[in-house]
Amino acid sequence: MACSPLEQFAIIPLIPIHIGNFYLSFTNSSLFMLLTISLVLLLVHFVTLNGGHLVPNAWQSFVEIIYDFVLNLVNEQISGPSSMKQRFFPLIFVTFTFLLFCNLIGMIPYSFTVTSHFIITLGLSLSLFIGITIVGFQTHGLHFFSILLPQGVPLSLAPFLVLLELISYSFRALSLGIRLFANMMAGHSLVKILSGFAWTMLSMGGIMYLAHLAPFLIVFALTALELGVAILQAYVFTILICIYLNDAINLH
């Protein structure tokens, strides 16, 4: 009996924990998030141990590339003095690195893709969105509400546009979570379906054996594409966070 392509997204409780009506079990999702964070911390620790190497090795070069990439992203997308950009750089760097490693680890066979679950991506995007809104109020006070009313708008249209902008602003967190979750889940499901199809074709044998290898080539190509999507989605999520943060700091 063929396995469902959605079976790879099942949440499996590893250590069941029930406190009253609260279900706080340690699951495979929790395990892979913990592994991801541990891997990132260990990598950064060993790379920066004793100040790093004057001639960087492969791992140090990898971390430096990520660091420079996020730093350039922050400098390009957030306007203002360097001191303010440095204030938010650690948050952006951690967000990008966490999502990147979660997505890449999810590409390993028999692993678990944390970002393929909407509750995870929504929780991350919602918490960042709330933080960005707090930064906006800390920076501008009640004047932050002006983000809901573009300049030069006729007074008669103001109530309609304020409501429209409020809905649009509130849905930013939802759209961030949906975009990441949908792309990761759809890509992994498609790879799983085509992998099962390729294995079925290959097991048929016969004189068309070589022709049956074609689905495997498609799977390899699709896996490479999914790897690119994993990196791209971490980038898209991070750059949108930078854009929303810039809007909150500098308004329209």
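Quick reminder: no glycine exception, Cβ is built from N, Cα and C everywhere.
What you are looking at is a predicted structure, and each value in this text was computed from that prediction instead of being measured.
Beyond the ends of the transmembrane segment (6-24), by six or more residues, the same chain brings 30-31, 112-113, 116-117, 185, 188-189, 192 to within a C-beta distance below 8 angstroms of the stretch. Sequence annotations record features per position, and here TrEMBL assigns transmembrane segment to 6-24 (among others).
Positions annotated as transmembrane segment by TrEMBL: 31-49 (among others).
The transmembrane segment feature in TrEMBL is assigned to 88-106 (among others). Packing against the transmembrane segment (88-106) from elsewhere in the chain are residues 32-33, 35-37, 39-40, 66-67, 69-71, 73-74, 78, 112-116, 124, 128, 131, 180, 184, 188, 227, 230-231, 233-235, 237-238, 241-242, 245: each is 6 or more residues past its ends and has a CB under 8 Å from a CB in it.
Per TrEMBL, the feature transmembrane segment maps to 118-137 (among others).
The transmembrane segment annotation in TrEMBL covers 157-178 (among others).
Annotated transmembrane segment per TrEMBL: 190-211 (among others), in sequence order.
Feature annotation from TrEMBL assigns transmembrane segment to 217-245 (among others). Counting residues 6+ beyond its ends, the transmembrane segment (217-245) has Cβ neighbours under 8 Å at 70, 73-74, 77-78, 88, 92, 95-96, 99-100, 103-104, 106-107, 115, 125, 128-129, 132, 135, 172, 176, 179-180, 183-184, 187-188, 190-191, 194-195, 198 in the same chain.
Panel annotation: around the transmembrane segment (118-137), residues 29, 33, 91, 95, 144, 147, 172-174, 176-178, 180-181, 237, 241, 244-245, 248-249 of the same chain, lying at least six beyond its termini, place a Cβ under 8 Å from a Cβ of the stretch. Tertiary proximity for the transmembrane segment (31-49) is limited to same-chain residues at least six positions away from its ends with a CB under 8 Å from its CB atoms, namely 14, 59-60, 63, 97-98, 101-102, 105-106, 111-112, 114, 120.
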